[in-house]
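Trainee: The structure under discussion is supplied below as structure tokens; questions concerning it will follow.
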Amino acid sequence: LSDILNSLMVKCPAQECHEEVSLEKYNHHVSSHKESKEALVHINKGGRPRQHLLSLTRRAQKHRLRELKIQVKEFADKEEGGDVKSVCLTLFLLALRARNEHRQADELEAIMQGRGSGLQPAVCLAIRVNTFLSCSQYHKMYRTVKAITGRQIFQPLHALRNAEKVLLPGYHPFEWQPPLKNVSSRTDVGIIDGLSGLASSVDEYPVDTIAKRFRYDSALVSALMDMEEDILEGMRSQDLDDYLNGPFTVVVKESCDGMGDVSEKHGSGPAVPEKAVRFSFTVMRITIEHGSQNVKVFEEPKPNSELCCKPLCLMLADESDHETLTAILSPLIAEREAMKGSELILEMGGIPRTFKFIFRGTGYDEKLVREVEGLEASGSVYICTLCDATRLKP
């Protein structure tokens, strides 16, 4: 049948051409005409009409674009060092801009520059902390915004947790000169058991409670690295050279207080004692020795704010239970006493710098001053929670 069809004679439809050719040779004859081929009748090869590129399967898309892919690869190898991805993204970007689809183009450009179309995880973490959102409240906001806008503007909680690791103690290397007594030389210290470092309980008192804490020196390092930009900016504002390595003197205010009854707040977890106590600290002031005087490079503007208060130890205990409190806090106090006679060496702004620490217990209330600090009687010698003024020396 095909032989019969191919042998059929067809008259050429082109003007001034009355030649008759067989159907088999018709395509070749038509292509020899120099005029526009649109006016000529072409042979329908049959088959289904071409589908739109985006409606095809991935395999069919690759097949359809094979020739273009080869050309793009040749161009990328020749002009862009083989970076096919950047060539394709740039082509896509130019196509979006040409069609005035600038919102999509801006998002694509952000991805190409490594910024992403949404907020950075560290920015989302700062938003969550500064607006006092719990994890569940933040997650609800994240889901709502994503559902309404169709875009992931906020990052999921796991991304925030990864960003938080940089801010937690145990991330930055440091060194003490001379080394601290009875403290490990390891610097990658994260959250530890609150009773670690306790040789034996006070008067063989059985300590039966849950406590979690950071090592004091590791927590101080993390706090200082959080303030790196403030410290360097403070040096510049005082016309000091950035390369000065110290010694810096850091005044730390300690605080310890009960958090009240938490028995109704623990959810469906294990049964816990009714009361909780938190020990924390705030970096109040940082000065640097320059010439014959101390120059102030940082001072906390809101020393009683929750935002500058760094938690150090959290224990499920009653603040009136002095034996338990003293047992849990005694290793922490021992670390602090060791730091008083040593200097911290920490790399900040690319330069190893030296820090000395002065500790003030101005954040204790009267009940917590007794055995923990050894201050006289039940009243604190400090008369202000914002500075280190005492009854003896206002």
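First residue shown is number 1, and so on along the chain.
In case you wondered, yes, glycine gets a Cβ from its N, Cα and C as well.
TrEMBL entries are annotated by machine, without manual review.
Note that this is a predicted model, so its numbers are computed, not measured.
Here TrEMBL flags 8-37 as domain 'RAG1-type'. Among the features that TrEMBL reports, domain 'NBD' is placed at 46-113. The DNA-binding region annotation in TrEMBL covers 46-113.
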Trainee: For the domain 'NBD' (46-113), would you mind checking the mean pLDDT of the predicted model?
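Mentor: Residues in the domain 'NBD' (46-113) carry a mean pLDDT of 85 in this prediction.
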Trainee: In the DNA-binding region (46-113), how many residues does DSSP assign to helix, to strand and to coil?
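Mentor: The DNA-binding region (46-113) comes out at 50 helix, 0 strand, 18 coil.
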